[in-house]
């Protein structure tokens with residue numbers, strides 16, 4: 001009996017979003033369209049920035065990095081989720097689950113760092129424009145992006161290593177559509193208090209630090225914008241920052257709800273809805289938010305279309 005109680009789990013069953021076959025078919029089509037749009041738009045933005053010399057600036061370099069991360073972190077979840085919507089019993093091996101968690105964690109943490117770097121870029125451009133070329137040189141941009149990736153990797157490795165040290169016994173049904181930490185911790189037969197503390201400490205500190213960086217940057221930007229005499233100048237400054245601030249608010253709002261809360265306040269169904277939004281919704285919305293009112297991007301797209309028609 002004791003041996004049966006402590007059978008080692010080699011795979012997890014992902015319960016997903018629903019058991020209804022008809023709804024699964026509808027969700028498959030909807031999520032496939034969203035994922036395809038996300039990939040095409042983000043990869044298209046990267047290509048557009050590469051081929052348009054006018055967009056070879058720190059701001060658009062960072063935007064291309066953000067687009068790459070968005071494409072990656074949606075790809076860490078969406079393909080497996082789409083496959084699971086087509087099968088009766090969705091399973092994932094323990095090793096694949098850890099890899100999925102690692103990839104998703106790296107990408108989403110890196111995104112948080114990148115958003116704070118983009119806020120710093122806007123801060124320097126508006127508050128100290130004379131120092132902009134020095135503060136945001138090509139080398140500095142590469143260093144900031146590299147640091148963002150390193151931060152994402154280190155943070156996620158800590159959680160993944162601590163997660164692998166846990167024992168998973170008989171229970172292996174994950175009440176989620178991917179290997180999310182809170183859902184996995186609920187299945188462990190080990191003491192998970194240290195994992196919860198690490199999650200709250202590291203992810204919480206990183207989220208708060210990067211979010212405060214954004215907020216402080218925009219406070220200085222707001223004061224600097226008010227000192228701009230021309231109305232058009234103020235409007236341009238606010239317009240440039242509004243899109244990024246919107247993306248930041250959506251991103252951190254969903255993450256704080258999902259991760260920075262005690263397990264006693266963890267509601268599975270609400271978490272699934274929020275997770276669906278930040279795994280598929282945010283990567284698609286980010287690009288729309290950043291490019292919707294961006295004249296440079298619109299002009300670059302128009303020129304690219306005209307060039308295509310000319311070549312044809």
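Heads up, the Cβ atoms here are built off N, Cα and C, so glycines get one too.
Look at the topological domains in Swiss-Prot: residue 53 and residue 271 end up on opposite sides of the membrane. Among the residue ranges 26-46, 173-193, the one that Swiss-Prot annotates as transmembrane segment is 26-46. Stretch with the largest number of CB pairs closer than 8 A to the transmembrane segment (272-292), among 26-46, 55-75, 140-160, 197-217, 238-258: 238-258. Tertiary proximity for the transmembrane segment (197-217) is limited to same-chain residues at least six positions away from its ends with a CB under 8 Å from its CB atoms, namely 109, 112-113, 115-116, 119-120, 122-123, 151, 155, 158-159, 162, 181, 245, 248, 252, 255-256, 259-260, 262. Under a cutoff of 8 A between CB atoms, and with a sequence separation of 6+ in the same chain, the neighbours of residue 97 (disulfide bond) are 12, 179, 184. In the topological domain 'Extracellular' (161-196), the DSSP tally of helix, strand and coil residues is 13 helix, 2 strand, 21 coil.
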